[in-house]
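Novice: So TrEMBL says this about it:
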| type | residues | note |
| --- | --- | --- |
| DOMAIN | 44-465 | domain 'Major facilitator superfamily (MFS) profile' |
| TRANSMEM | 81-103 | transmembrane segment |
| TRANSMEM | 110-129 | transmembrane segment |
| TRANSMEM | 135-157 | transmembrane segment |
| TRANSMEM | 169-191 | transmembrane segment |
| TRANSMEM | 203-226 | transmembrane segment |
| TRANSMEM | 281-300 | transmembrane segment |
| TRANSMEM | 320-338 | transmembrane segment |
| TRANSMEM | 345-365 | transmembrane segment |
| TRANSMEM | 371-392 | transmembrane segment |
| TRANSMEM | 404-423 | transmembrane segment |
| TRANSMEM | 435-456 | transmembrane segment |
Amino acid sequence: MESTLTTKTEGGQQYHSQDETCVGDISWTPEEERKVVRKVDLRLIPTVWLMFVISWMDRSNLGNAKIAGLNADLHLSSTDYSLAIITFYFGYAFCGPLSNLIITRVRPSIYFAGLMVVWGIATCCMGAVKTFPQLLVLRIIVGIFEGGLTPGVYFVISSWYVPAEQAKRAAFVLSAVLLGGAFGGIIAGAVTGGLEGRYGIRGWRWLFIVEGIITIIWAMIAGFILPDFPATCRHFTPEEKRIATSRLRNCGTNIGDNQSDGLRLGKVQSIKLALSDWRTWGVAGGIGLCGCATVLPYFYPTLVNGLGYKEHVTAQYMTVPIWAVAFVCALSSGFIADRIPNHRAAFIAGWSGFAAIISIVVCVVEEYKARYILLIFQGCGVWTCISLGVAVATTTFQDMRPEVRAISVSLPQAVGNAANIYGAYLFPQEHAPRYLAGFVVITVTLAAGSLLFALVDLGLSRRRKVLA
C-alpha cells in the first residue's frame, strides 16, 4: 500500500481522507472497494458454483447409473467400469494445463460456456450408448471439456480477488462439488426410479439425458453473466476496472501484461517458469496425494449398497448425508483459513491427518452403521483438504505473471485428478463389502499428503522470512 492519506478537490477546496487507499494516481474508499467486490461476487461466484454442481453431477453420474442397471445392460465387468472412470480422467487431468494456456488469451465467459455445451451434448449421448467402446469415447470427450473448467475458474478467481479473500470463495465454489454429489444422489434416485421404462427407456439412460440437458441450458445462461478479466470486463465501468486492477497490485498480485499492454510470455516459457518453481511441485504433490481419496464418490453408491442398503434407489439417497456434512465442514473451514492465510497448508495437513486416521478405523470396523458414519467423517477431511488446497495454490502463486500462474494453478488440479486413474481400481467388486485394500491405499496417501503439506507450510514460512 503506497498511502492511506489522499488529497482531493471538491468545490474548489482540497481535503484529506484517512479512509482512502491510494495506488499511484488511483484512489478509492473502502465502500467503493466493497462495491466492486460485491459486484464480482454476484456475477462470478454463484454462476461458477452452479457450473461446478452440474460438472460434478455429469462426472459422477456413472456411479449412480451403475447400480441402476448400466453394468448389466452393457455387460460391464468390474474392470470395464474402472476403465470407464479412468478414460474420463485421462482427458480431465491432462487437458487442464493446456486449457489454462488458452484462457489467458480469450474471454472466460465465452470459453466456459462453450466447454459446457460440448460436454453437455456428450452427456446426453451417453443415454444412447449400446456398447462399452461407445461409453469410453463419450467419457473421454466429457473429461477433455470438463478438464478446462476447474483450473480455469480458479485462475479467474486469483485474477479478481486478493489473497485474503480467496480461501472462503474457493471453498464455497468447491462446495458445489459436495452439493453436486448430494443433488446427484437425489436426482439419480428420482430419475432412475421415476422414469424407469418411460417410453421404453431405462432409468439410467434418462439420468444421462436429463443431466445433459440441464448442462446445456445453464451454459447458455452463464455465458451472459460471467465476468471476464478485471481490465477487460464488459460488465464493469472504467472506474470499477481501475479499482479492481489497482487493489490487486496493491497486495502484490502480478496482473501482468496480458491485461494492460498486450505483451505476453510465450507458452513454452510460461511452462518452464511454472515447472522450475518448487512451490508448484510441493502444492501439486500434496493435492495429488490427498486427491487419491476423491475417487471415493464413484464408489459411494456401491460402498453404501455393500454396507447393507441393497435397493439401488435407497443406496443413492443414502450417499446424500456424506456430501451434505462435507459441504458444511469444507465451507466453514474456508472462512477459518482466511483468518490464518499464511498457514493454510498447515491447516490442510491437520485435516489430511484426521482423514487418514478415520480411514484406518474404517479398515478395522466391520459394523455397517459405524462404517457409514465413518465415511461421513472421512468425507469431511478429504474434501476440506481439496478445497483449501485450491486456496493454497491460488494465493501461493499470486506473485507469478498471469501466464505462469495459470499453469501453476492448473498443475495441482491435474496431478490431483490423475490420482483417480489408479484410484479407479481400488474398490473392485470382489473386495466387497469391506474393500480393505482400497482403504489401506487411501490411508497411506492421506498420511503422506499430511506430511507433505506440513513441509510446504514450513517452506513457505521460510520463504516469507527471506523476502521480508
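Every residue gets a Cβ built from N, Cα and C, even glycine.
Nobody curates TrEMBL annotations by hand; they come from automatic prediction.
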Novice: Near the transmembrane segment (81-103), which residues from the same chain, at least 6 beyond its ends, have a CB less than 8 A from one of its CBs?
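Specialist: For the transmembrane segment (81-103), the far contacts come to 59, 62, 66, 71, 111, 132, 135-136, 139-148, 150-152, 155-156, 267, 270-271, 295, 298, 403, 406-407, 409-411, 413-415, 417-418, 420-421, 424-425, 428.
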Novice: Do any residues, 6 or more residues outside the transmembrane segment (320-338), come within under 8 Å Cβ-to-Cβ of it, and if so which ones?
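Specialist: Sequence-distant neighbours of the transmembrane segment (320-338): 164-172, 174-175, 178-182, 185-186, 300, 344, 347, 351, 375-377, 379-380, 382-384, 386-388, 391.
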Novice: Can you give me the average pLDDT across the domain 'Major facilitator superfamily (MFS) profile' (44-465), rounded to a whole number?
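Specialist: Mean per-residue confidence for the domain 'Major facilitator superfamily (MFS) profile' (44-465): 85 out of 100.
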Novice: Would you confirm whether the transmembrane segment (135-157) and the transmembrane segment (404-423) meet the contact rule of 3 or more C-beta pairs below 8 angstroms, pairs 6 or more apart in sequence?
Specialist: yes
Novice: Take the C-beta pairs under 8 A between the transmembrane segment (281-300) and each of 169-191, 371-392, 404-423. Which stretch has the highest count?
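Specialist: The stretch I would name here is 404-423.
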Novice: Same-chain Cβ contacts of the transmembrane segment (371-392) under 8 Å, 6 or more residues past its ends?
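Specialist: The answer is 154, 166-167, 170-171, 174-175, 177-178, 283, 286-287, 290-291, 293-294, 296, 300, 303-304, 307, 318, 321-323, 325-327, 329-330, 333-334, 337, 344-345, 347-348, 351-352, 354-356, 358-359, 361-362, 365, 412-413, 416, 446, 449, 453, 456.
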Novice: May I ask whether the transmembrane segment (345-365) has at least three C-beta pairs under 8 Å with the transmembrane segment (110-129), counting pairs 6 or more apart in sequence?
Specialist: no
Novice: Against which stretches of its own chain does the transmembrane segment (345-365) lie, if we need a Cβ under 8 Å and a gap of at least six residues from its ends?
Specialist: 283, 286, 289-290, 293, 333, 336-337, 371, 374-375, 377-378, 380-382, 384-385, 388-389, 392, 434, 436, 439-440, 442-443, 446-447, 449-451, 453-454, 456-457, 460
